[in-house]
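J.: The following block contains the structure, expressed as structure tokens.
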Amino acid sequence: MKVMEKKKRDWNSLSIITIITIILLTPCLTSELWVTVYYGVPVWHDADPVLFCASDAKAHSTEAHNIWATQACVPTDPSPQEVFLPNVIESFNMWKNNMVDQMHEDIISLWDQSLKPCVKLTPLCVTLQCSKANFSQAKNLTNQTSSPPLEMKNCSFNVTTELRDKKKQVYSLFYVEDVVNLGNENNTYRIINCNTTAITQACPKTSFEPIPIHYCAPAGFAILKCNDKDFSGKGKCTNVSTVHCTHGIKPVVTTQLLINGSLAEGNITVRVENKSKNTDVWIVQLVEAVSLNCHRPGNNTRGEVQIGPGMTFYNIENVVGDTRSAYCKINGTTWNRTVEEVKKALATSSNRTAANITLNRASGGDPEVTHHMFNCGGEFFYCNTSQIFTDNITNGIIILPCRIRQIVSSWMRVGRGIYAPPIRGNITCNSNITGLLLTSDTPVTNNSGNLTFRPTGGNMKDIWRSELYKYKVVRIEPLSVAPTKARRHTVARQKDRQKRAAFGLGALFLGFLGAAGSTMGAAAVTLTVQARQLLSGIVQQQNNLLKAIEAQQHLLQLSIWGVKQLQARLLAVERYLQDQQILGLWGCSGKAVCYTTVPWNNSWPGSNSTDDIWGNLTWQQWDKLVSNYTGKIFGLLEEAQSQQEKNERDLLELDQWASLWNWFDITKWLWYIKIFLMAVGGIIGLRIIMTVFSVVRRVRQGYSPLSLQTLIPVQREQGRLGEIDEGGGEQDRSRSVRLVEGCLPLIWDDLRNLGIWSYQSLTSLACNVWRQLKTLGHLILHSLRLLRERLCLLGGIIQYWGKELKISAISLLDATAIAVAEGTDRIIEAFQVTLRIIRNIPRRIRQGLERALL
């Protein structure tokens with residue numbers, strides 16, 4: 001019996017363990033997916049932030065670019081970094097790149113700042129009385145290196161003196177092309193474009209010598225760089241890297257020829273937005289630079305004329321030689337080879353052969369378009385390029401005749417002009433031709449026919465595009481959601497007091513995007529490190545900037561515009577704080593991976609198979625799939641967190657019972673008195689109800705109480721002797737109901753009875769629950785036993801029928817084999833009989849003939 005009872009107890013324990021295991025494993029067997037928040041994923045979107053510039057400007061230099069760079073740019077990073085992104089394919093479009101617009105605005109700001117302190121030539125919009133000027137030309141200039149001399153006019157005009165109410169007459173030399181005749185009078189002139197253009201005189205020390213400028217993205221943003229050779233500037237790029245800043249770009253303002261730019265890698269590259277439009281510019285990037293050496297010989301005497309209070313006009317007092325005559329030299333052999341390669345590249349781009357491509361001179365337009373215009377040593381050169389844009393290019397030294405203009409149309413805005421004061425002495429500048437700006441006479445619509453390309457210019461954005469074609473700015477979006485099988489543990493009956501650990505700072509900012517080409521599963525492993533890199537990169541960039549400014553504090557002079565660019569770098573810190581605020585609204589503050597209670601909807605991407613998205617997709621690809629649902633998911637996360645906080649608040653109210661010391665707080669005594677009075681009232685009411693129920697029960701049994709305060713003795717049985725003094729006889733068995741007197745004994749008696757009753761009730765309830773659990777355990781155990789028996793029976797049946805089927809199959813195969821063998825034997829025997837009959841036919845004929853003869 002003891003052994004049976006022990007086995008019974010073991011079976012009961014086993015049944016309870018089985019029930020608990022089933023209850024715990026039931027949630028694990030479900031395949032429902034839940035929303036999981038990931039912070040630090042390598043995801044980005046196209047953006048147009050305010051970029052800031054960096055340069056190695058020298059504050060002691062008076063050149064305009066240096067002055068502007070010291071006031072608008074920060075020092076360059078001494079250790080620039082570039083991180084390649086494997087397995088990343090990104091789209092670029094040089095024709096719709098906000099970086100070009102920003103650089104264009106910056107160069108306009110540079111020129112405006114260079115011309116801002118200089119004199120407006122509005123007072124010179126007066127009538128000029130001019131006559132032909134006679135002076136001796138220099139004899140050292142040949143016809144090969146100079147243009148034909150131009151006639152000069154000696155003009156007199158009235159200007160305001162230091163006293164505004166008085167005027168005086170002054171004299172100045174002007175070339176004929178800088179003045180326009182008025183009316184029919186031969187001696188009356190005015191300055192060209194004076195009535196339609198606001199002309200600003202450039203400062204005498206302005207040289208416009210460009211220095212390399214780097215464009216950098218603020219922290220929280222990144223610059224993606226396409227490293228594909230022969231990249232057309234638009235489309236997919238497979239070799240992508242991320243950088244802090246671009247390479248150094250020299251903002252050279254020029255037309256027709258690209259000077260001192262970057263060279264192509266591999267082959268000459270041709271880039272055009274729309275080939276079917278003959279107005280679009282074809283940007284040609286060379287592989288090998290061609291030297292361009294320009295020189296302005298001669299000398300002149302520059303004078304100063306006061307044209308008003310505090311306004312000085314720098315004029316030409318005397319001329320020695322033709323100071324407006326200049327020339328540029330190009331190696332004809334190198335240029336001829338370059339032109340042939342350019343023709344091949346244009347032919348390949350337009351689906352033609354090189355024989356169908358022709359280069360010709362500019363057809364017409366403004367002087368800035370028909371000539372190669374550029375600034376050399378503070379003077380604006382206008383060079384005739386008809387000798388190099390032709391099919392008959394000499395192999396010797398090609399000399400391009402140039403002219404220097406004093407009044408130049410401004411490329412920055414319509415209706416503006418620049419007066420360049422004459423520069424003393426010889427001017428020489430050596431440059432490198434790195435590209436061409438061309439237009440086609442006819443649209444490229446088919447694969448046949450000849451094409452003629454001509455040099456063009458005027459839109460300076462094309463120059464910036466030739467350098468920024470391989471860059472784009474993106475905004476890093478480190479916050480993403482994805483489906484997983486894990487669910488957040490929510491508050492049920494006890495307060496979750498687990499503290500979230502804050503992660504530290506470290507690593508590099510660019511390394512954050514290093515896992516962009518990895519799958520979601522591989523990148524998710526390093527989310528904590530990437531989240532650290534995100535904020536660490538922001539802090540590191542700020543520290544690098546502050547160190548660079550501190551190191552060059554005596555050189556750096558930030559203007560208001562420069563401070564604005566500097567403040568743009570603080571945008572990333574604000575974005576990081578915003579992301580942390582959003583994570584806080586979802587209950588995920590300080591976590592790189594945060595599980596939630598929001599179920600993943602079956603209509604959302606990735607609901608069918610999570611293994612496919614985690615093993616095959618990158619975070620960038622996944623973000624494109626789920627981008628249409630993120631708004632709804634974010635809203636559900638906020639609602640779930642609000643409900644979670646409500647549950648925690650409700651539970652927090654019960655958490656006051658956790659501290660016993662709070663029970664003795666004097667502020668809660670009134671609450672204790674109230675509870676005591678309510679308890680006493682409840683006990684008294686319960687006592688009255690129990691008394692009434694007791695009286696009713698006894699009355700129903702035939703009992704009529706005389707008084708509730710009188711002891712009622714129980715009648716003694718007849719025939720019994722009473723108790724005597726000597727102790728004889730039987731003890732009296734009469735009893736009386738115990739009467740409790742006083743308030744406290746009454747309360748104690750009621751509490752005792754209530755406690756006993758509660759204990760008995762709870763004990764009975766516990767016993768019933770235990771019996772039910774044992775019954776349920778026996779039932780489950782019995783069910784499992786029956787299931788095992790049924791499975792064993794099913795296995796036996798399957799084994800039996802499998803054996804029978806095997807035997808039947810073998811028998812069928814044997815019978816088939818026997819039948820086939822017998823049939824084959826009969827066929828062979830019949831065939832043999834037929835052959836014997838055929839073989840015996842001659843014998844039978846012979847035997848018949850023998851019988852006939854006999």
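Any Cβ shown, glycine's included, is placed from N, Cα and C.
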J.: Which of these ranges is annotated coiled coil in Swiss-Prot: 204-238, 239-273, 624-658?
T.: 624-658
J.: Swiss-Prot lists region 'Fusion peptide' for one of the ranges 501-522, 677-698; which is that range?
T.: 501-522
J.: The disulfide recorded in Swiss-Prot for C130 goes to which of C73, C155, C194?
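T.: Disulfide mapping in Swiss-Prot sends C130 to C155.
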J.: Taking just the CA atoms, what is the gap between N616 (N-linked glycosylation site) and N239 (N-linked glycosylation site) in Å?
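T.: Rounded to a whole number, the Cα-Cα distance is 20 Å.
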J.: Per-residue pLDDT averaged over the region 'V1' (130-154) comes to what?
T.: 57
J.: What same-chain residues, at least 6 away in sequence, bring their CB to under 8 Å of the CB of N154 (N-linked glycosylation site)?
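T.: Residues satisfying the criterion: C130, S131, K132, A133, Y171, S172, L173.
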J.: Which of the three DSSP states, helix, strand or coil, fits N426 (N-linked glycosylation site)?
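T.: In the DSSP reduction, N426 (N-linked glycosylation site) maps to coil.
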J.: Where does N331 (N-linked glycosylation site) sit in DSSP terms: helix, strand, or coil?
T.: strand
J.: So what sits near N432 (N-linked glycosylation site) in its own chain, CB-to-CB under 8 Å and at least six residues off in sequence?
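T.: For N432 (N-linked glycosylation site), the qualifying residues are I259, N260, A289, V290, S291, L292.
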J.: Round to the nearest Å and give the CA-to-CA distance linking N336 (N-linked glycosylation site) with N384 (N-linked glycosylation site).
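T.: Cα of N336 (N-linked glycosylation site) to Cα of N384 (N-linked glycosylation site) measures 17 Å after rounding.
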